[in-house]
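Novice: From TrEMBL, for reference:
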COMPBIAS  1-19  compositional bias 'Polar residues'
REGION    1-21  region 'Disordered'
TRANSMEM  65-87  transmembrane segment
DOMAIN    65-525  domain 'Major facilitator superfamily (MFS) profile'
TRANSMEM  99-121  transmembrane segment
TRANSMEM  128-144  transmembrane segment
TRANSMEM  150-174  transmembrane segment
TRANSMEM  186-209  transmembrane segment
TRANSMEM  229-254  transmembrane segment
TRANSMEM  339-364  transmembrane segment
TRANSMEM  384-404  transmembrane segment
TRANSMEM  416-433  transmembrane segment
TRANSMEM  439-460  transmembrane segment
TRANSMEM  480-497  transmembrane segment
TRANSMEM  503-522  transmembrane segment
């Protein structure tokens, strides 16, 4: 929860405002403003904590947190890349009837992880989810190297993805709850970690998978000849273990003060704020009385003494989270024609991209290898060298996305639509490649613009939802994305990866998503992120 505004008073008088903006009368103070659907005591205490964090400012603790939060962003992209990089050698060794089932297992694990960790962090706390997601990923990632058959690696892919799926829901929550409002743009900058992870995975895969796996043309690919993918998975699991070690033993993460406040532990919430201030070399004026004074919001003294004092306990915290999946908050996102249209269209964008991205990106190394065989240069070394070059272009793409969104004449919508359109166009261009170098060039441009697209999408989406319904809005878009992501390997199975059909489908979906972005009713550039 950030700055507190209400829904638009009139769409006709405020045609270009966000759905969570309203001109608040001068007679209404911030503390008197209550968000519909959120307990007023909880909302008032959240505002007190927000102001306390803003007063502390961006300091040593938040910058350290930014770095370790980057681990989660990196893991979110690294492991799907791992799956795509090992798909070819696994296919060569085990000869499964449907190789894309490995990607299906991964996507099922990602969906389950997002649901479990996303809801769980409001029940057992952010701190444990923050640490355990990396632990789960590292353990099952390393165990995957022992897989004796295709079914086993599929199971391990689902299990490591269960940990990966919780990174963004948990990490974004705990980061925002310690982040001053003045530095919320750092959530967008985190996309650099996401892009760098692809580069890192490709750099490591290049020597290991490039030299220690079977060639695409090998007819007898045994385990001893194909150990590279096993070494690679162990290395990636070990890297996740190092990140887990840094988070758990080196960096001391404080539990979110809002989590403690939601459990009715106001003293602990105040203590954490003072601990953060101390680590930043500052002092905080927050007191327990500041939070307790919020319990006098109701005009009924009896309710103040009993009911409202219980509004911040564990039962209420769980109830608030469960409310995100009931019809009340969903209906709020469709309360007006304009808001309903916006919600529906952004879900469509996430769904299209959720299908298009894995349909193409997950099978790039496979495509590079099979096309290389056709072009006469199908060595695994060249395949993974090219994958590394493609990944390099993703890092500046994420940075460019963060810059363009603040340019007046293009903004969020323009940057998102243009980058998505160019992503689809360059995917189509790859089908015209006559040799490996031209195919590499098309894929480099695809990687660049797809990273611009994601950098903007992660920032724009939460900005266009009303504060009180943002959790539900993010859940709806994430669900659309993951469900359609599960469909990607199924389509790949029936479409045949050795043809251009999945490529054409992916390109068409990106172009369609770009057109949908143009008709979204809200532009959030220059407006407060609420």
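Even glycines carry a Cβ here, placed using N, Cα and C.
Remember, predicted model here, so these are calculated numbers, not experimental data.
For each feature listed, report its degree of burial, its nearest neighbours and the pertinent distances within the displayed model.
Specialist: When Cβ-Cβ distances below 8 Å are used as the criterion, the transmembrane segment (99-121) is approached by residues 79-80, 83-84, 87, 90-91, 129-130, 133, 150, 153-155, 157-170, 173-174, 259, 321, 358, 362-363, 366, 475, 478, 482-483, 485-486, 488-490, 492-493, 497 of the same chain, each at least six residues removed from its ends.
Nonlocal intrachain contacts for the transmembrane segment (128-144), taken as residues 6+ away from its ends with a CB within less than 8 angstroms of a stretch CB, comprise 71-72, 75, 79, 82, 113, 117, 120-121, 152-153, 156-157, 159-160, 162-164, 166-167, 170-171, 174, 233-234, 236-238, 240-241, 243-244, 247-248, 253.
Residues 81, 85, 185, 188-189, 191-192, 194-196, 198-199, 201-203, 205-206, 209-210, 364-365, 368, 410, 414-415, 419, 436, 439-440, 443-456, 459 of the same chain lie 6 or more positions beyond the ends of the transmembrane segment (384-404) yet place their CB under 8 Å from a CB of it.
Beyond the transmembrane segment (480-497), the same-chain residues lying 6 or more positions past its ends with a Cβ under 8 Å from any Cβ of the stretch are 98-104, 107-108, 110-111, 114, 347-348, 350-355, 357-359, 362-363, 366-367, 370, 505.
For the transmembrane segment (503-522), the list of distant contacts is 16-19, 338, 341-342, 345-346, 348-349, 352-353, 355-357, 359-360, 367, 413, 416-418, 420-421, 423-425, 427-428, 430-431, 464, 491, 495: same-chain residues at least six beyond its ends, Cβ to Cβ under 8 Å.
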Novice: By Cβ distance under 8 Å, which residues at least 6 away from the ends of the transmembrane segment (65-87) in the same chain are close to it?
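Specialist: Cβ under 8 Å, 6 or more out: 99, 102-103, 106, 110, 130, 133-134, 137, 141, 157, 160-161, 164, 167-168, 170-171, 174-175, 178, 186, 190-198, 200-202, 205, 209, 229, 232-233, 236, 240, 243, 246-247, 251, 253, 358, 361-366, 384, 387, 391.
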Novice: Six or more residues beyond either end and a Cβ under 8 Å away: which residues meet both conditions relative to the transmembrane segment (416-433)?
Specialist: 353, 356, 360, 367, 371, 401, 410, 439, 442-443, 445-446, 449-450, 452-453, 456-457, 460, 500, 503-504, 506-511, 513-515, 517-518
